[in-house]
Structure formats: C-alpha cells, structure tokens
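According to TrEMBL, the feature Ca(2+) binding site maps to THR545. The compositional bias 'Low complexity' annotation in TrEMBL covers 424-436. Feature annotation from TrEMBL assigns disulfide bond to CYS341-CYS377. Here TrEMBL flags 415-436 as region 'Disordered'. The feature transmembrane segment is assigned by TrEMBL to 12-31.
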Amino acid sequence: MPVYRPLSRLLPYTVGAIFLWGLLYLAWPFFDHLPPLPPPPHAPLRQHPHFPPHGSSRKWGARADAVRHAFLHAYTGYQEHAGQGDELKPVSEGSVDNFNGWRLTLVDGMDTMWIMGLHKEFYDALTTVAELDFHLDEGSFAPFFETVIRYLGGLLSAYALSGEPVLLNRADDLGSMLLPAMSTDSGLPMYAVNTKTGETREGWTRGIVLWAEALSCQLEYKYLAHITGRQEYFQRVEHIMDLMHDANVTDGMFPTKWNLSKGIPTNTQFSVGAFADSAHEYLLKQWLLTSKSEPQALDLYLRASTSIVENLLYLTPNRRLLYVTDVTNSHPSYTFEHLSCFLPGLLALGAHTLGAALDPRVRDIHAWAAQGLAYTCWMTYADHETGAGARRDADGACAAERGEPVRRAVAVRGGQVGGGGQARGRAARAAGGPADARGEARLSGAEGGVFSEAGGVVKTVESFYLMWRTTGDEVWRERGWAVFQAIEREAKTKSGYASLQSVEKSPAPKKDEMPSFFLAETLKYLYLLFTDEELIPLDQWVFNTEAHPLPVFQWTEWEKKAYGII
C-alpha cells in the first residue's frame with residue numbers, strides 16, 4: 001500500500017522553492033545584461049601514439065613511426081642546442097631568434113606533438129608557453145603575417161586539440177596584442193607591430209601590403225572570436241573580406257599588391273606564388289571553417305579559382321606536364337614557383353567539399369587540374385639526384401618550353417566547360433605523365449633548391465596528403481615516402497634537419513637552418529599521410545597555412561546578430 005506523507009512535512013520544501021524562484025525573478029534583469037559566455041572548447045582529440053603493426057597497416061604504421069622518430073630527433077636537437085631561441089642551426093648546433101624570440105619551434109610544433117601522441121613533450125612545452133612574455137622591447141616588431149600563422153595558429157590549434165585553458169588564454173593575449181597592425185586607414189594590416197606599445201612598421205614593400213599577408217589572418221581571428229566572444233577579432237578581419245568583395249577586380253584576378261592607405265590594388269600581377277598563395281587557401285577555408293555559412297568567402301574562392309584555371313595553367317609541349325605560373329597585364333612569366341605546390345591540394349579539397357556549390361563539370365576540371373599539378377610537383381623531386389625539389393623553375397623546362405595555356409583546351413566560365421572531348425583529353429593527360437622521368441627533359445632548373453626553404457617540400461607533401469585523403473589513391477603515399485627518404489638521406493644532421501643549398505647533386509650541401517615549419521608542417525603532413533586512420537577528418541577540421549588544424553564550428557545566433565552574419 002502506498003504511504004502518504006502529511007502535507008505539513010512537505011511545507012518547508014515548498015516554501016524554499018518559492019523563495020528561490022522569487023530571487024531568480026528579481027535577479028533576471030541583471031543576468032539578461034551579462035555578456036554571453038564563451039562556447040565550450042572543442043572536445044579534445046584522442047591521442048594516437050602508434051598504429052598497430054598488423055595487416056595492411058604494418059607497412060604504413062612503420063613509416064608513420066619513422067616520421068615520429070624524425071620529429072623527436074629534430075625537437076630533441078632543438079631543445080638541447082636552441083631551447084631558449086626560435087630555431088635550431090642544425091649544422092653548427094647553435095640557435096637563432098628570427099621570429100620574436102618566443103621559442104617559435106616549440107610553439108609551432110605543439111599540435112604535432114599532440115597528434116603524434118608525444119604527451120611528455122607536449123605538457124613540458126605547455127609549462128613553457130604559460131610563462132612566455134609576448135611583450136617586445138621598444139624598437140622591436142613582430143611580423144604580423146608570420147606571427148599570426150605560426151604563433152597564434154599554433155596556440156589555437158594546440159588548444160582545440162587538447163582543451164588546455166592556458167593555451168586559449170595565451171592565444172587571447174597574443175591576438176589582442178597584434179590587433180594594432182590593422183589600425184590603418186584601409187584596415188589592411190601593417191607589416192609588423194610592437195606588441196607592447198602598439199607601434200607599427202612598414203616592410204620592404206613601403207606602403208604596400210601583399211595579398212597573402214592581408215588575407216591570411218581570417219581563420220585564426222574568426223576562430224578566436226568564436227571561442228572568446230570578442231567582436232573586434234571578427235570585425236577587423238571581416239572588414240578585409242568586405243574590402244576584397246567590393247574591390248574593382250576583373251574576373252577574380254586579385255592583384256598581389258595593395259595600397260595600405262586606400263585599400264586598392266597597386267599592380268596587375270595575378271599569381272598563386274609567394275605574394276598570394278595562402279590568400280587563395282583562406283577563401284575556401286573560411287567557408288569550410290564556419291560550417292559553410294559565409295557566402296562571401298565562397299564567392300571570392302569561386303571567382304579566384306576560375307581565373308586560375310583560365311589564366312595561369314599551362315602544359316609543357318614535350319612531357320605534357322601541367323604547371324601554374326603568374327601573369328602581369330595578361331603576359332605570363334612561365335615561372336613555376338615550388339611554393340605554388342599548395343594549389344593541387346587546395347583544388348582537390350574544393351572539389352571534395354564544395355558539393356552543389358560547384359558545378360559538376362567545373363568540379364571535374366578542378367579534380368584533374370589537382371591531379372596534374374600534384375604530379376608535376378612530384379616530378380620536381382623525381383628529376384633530381386637528391387630526390388629533393390627546387391625552389392623555383394625559372395630556368396627549367398617550364399620557362400624554356402613555355403607550352404600552351406590550358407584555357408585553349410578547357411574554358412571555364414559561369415559553369416561552362418568548352419573545348420570538346422579531344423581538347424579536354426589533351427589537357428587531362430597532364431594528370432598522368434611518365435612513370436619515370438629520369439633521362440627525359442629536366443623539369444627543374446639549377447637554381448638553389450631546398451627541402452624547406454620557402455615552403456617547397458611543405459606544400460608538396462600537403463598536397464600529397466590532401467590528394468590521398470580525397471582520392472584514396474595510395475600512389476601519393478608512396479611518393480610521400482620517397483620524399484621522406486630523401487629528407488633522411490640528404491638533410492639529416494647530428495642534431496636535426498637542414499635546408500639544402502642545392503638539389504642537383506648528392507650529397508647535397510646543407511644550409512645552417514631548420515625552419516620551425518619543418519616540425520609544424522612537413523613532418524605533420526607526412527605523419528598524417530602514413531597513418532591509415534584519418535586522425536584529423538577533413539569534414540571536422542581545417543588546416544591553416546602553417547598546417548595548424550582548427551575545428552569546424554557554427555556561429556551561434558547571438559554571434560550572427562553581433563557580427564552581422566546573414
């Protein structure tokens with residue numbers, strides 16, 4: 001039988017509940033005026049120390065582990081010989097402070113440590129980061145572009161992967177200190193800023209900002225705005241996007257140099273090389289990072305990528321290799337920058353993720369262009385005795401052979417693909433190429449080639465990784481392994497890995513430098529390339545141009561209202 005308690009015994013609880021609700025009612029206007037709490041951090045990524053050596057994973061697990069050991073070799077050398085500095089000098093075993101003196105290699109490599117499961121190294125580095133002083137002495141300046149993509153991007157990525165609050169605090173500290181760089185008449189960023197006084201300084205371009213420098217801060221600052229709730233972070237970088245959207249630019253051919261005061265182009269060069277590369281990346285990646293919610297970024301990417309296909313792609317006449325160059329006043333230079341090897345990965349990523357936003361026929365064009373360009377980037381390695389790629393092809397086959405523009409074979413505008421099946425096939429053959437290029441006309445010239453100088457090897461292995469993940473073709477993994485073997489053979493020193501002065505002959509002469517992005521980008525992409533499991537799913541994470549993954553997020557309703565996002 002149920003037992004009924006006397007109402008008098010429930011009376012105290014009832015009165016207490018009424019009292020609490022009354023307090024909430026009276027206090028509600030106060031709560032209504034509080035700023036919204038920052039969103040919770042992204043769930044920490046599970047750490048993966050190894051892949052089990054079984055079945056088809058045995059070979060790739062061993063190769064991923066070899067890259068992990070390479071990272072430990074490089075990072076241990078840095079800690080022993082340059083731990084108080086930015087980068088290691090791997091030949092003389094010295095150190096250099098070339099980017100603010102905030103232990104760049106450590107900060108830049110933290111997310112790689114987490115992804116590789118290097119727990120001890122990560123938490124040791126965390127203690128160091130917590131104590132970093134980002135204030136620069138008077139007269140010293142932090143280069144805005146490099147500091148954003150390396151330091152700020154590294155802190156944000158390490159926070160997103162681990163969920164450690166101190167990393168968010170330090171990212172917020174640094175992000176606010178860098179904001180005065182965008183306090184120009186146009187809102188475009190100055191070259192460098194003093195993080196203590198806010199004083200800014202121009203770079204070598206004097207009154208000019210490079211397109212890559214202006215358009216390579218949006219990923220970092222938009223994610224920072226999302227996790228801190230600070231409107232200024234979003235507004236400063238979105239203003240630059242508005243400026244680009246409204247600029248008087250023909251057919252998405254965004255020039256490489258812009259006036260800092262007026263916010264207008266100062267030249268007519270259209271390129272995917274060093275002055276523009278990461279800007280192209282950030283157009284597509286902003287769209288992806290914010291859950292495909294910002295149509296302005298998508299529109300800019302579609303305009304620019306269409307103009308790249310129409311104006312910058314060429315086929316060499318002998319080997320029918322597809323390459324990308326730059327044009328000024330419609331005149332091509334026929335120079336193929338190795339840094340441009342980011343482009344096949346970007347085109348592949350766009351073809352893989354844009355869905356209905358990309359016409360199916362245009363998607364086919366982007367896919368074969370990605371295949372062909374990635375193959376040509378691979379040939380810049382296979383063509384050399386060292387197995388390493390040259391920095392530029394100013395004097396090689398691309399400049400000498402020149403070849404025909406792809407637009408004669410394939411025309412893309414407004415979703416229309418022309419040229420007919422025979423022309424389409426002729427261009428598409430660039431995606432294949434000979435299995436072995438040795439003995440044929442050389443692709444790359446004798447200009448100094450490097451593993452890491454100007455990001456050559458970085459962008460190539462990035463594209464190999466994206467080609468592998470978007471196509472499933474293991475040939476890109478094998479080519480990545482060949483690149484890693486060349487690094488081990490030619491670049492390794494007793495304390496780390498060195499850039500190369502030349503790639504023509506083996507053993508290659510070494511430069512006394514180990515850029516931080518060797519740990520942040522090169523080894524990270526190689527590790528991810530050799531792991532069977534997709535540790536950083538492309539539909540959940542977006543890599544900044546320094547290979548720091550940031551989590552895809554959705555703007556909340558209050559953010560959309562506060563930031564004016566439609």
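Each residue, glycine too, has its Cβ placed from N, Cα and C.
Annotations in TrEMBL come from automatic prediction, not curation.
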How big is the gap, in Å, between the Cα of THR545 (Ca(2+) binding site) and that of CYS341 (disulfide bond), rounded to a whole number?
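THR545 (Ca(2+) binding site) to CYS341 (disulfide bond), Cα-Cα distance: 13 Å.
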Note down the number of other Cβ atoms within 10 Å of the Cβ of CYS341 (disulfide bond), including every protein chain shown.
29
Counting across all protein chains shown, how many other Cβ atoms sit within 10 Å of the Cβ of CYS377 (disulfide bond)?
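A count of 30.
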Tell me the Cβ neighbour count for THR545 (Ca(2+) binding site), meaning other Cβ atoms within 10 Å of its Cβ, over all protein chains shown.
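Around the Cβ of THR545 (Ca(2+) binding site), 28 other Cβ atoms lie within 10 Å.
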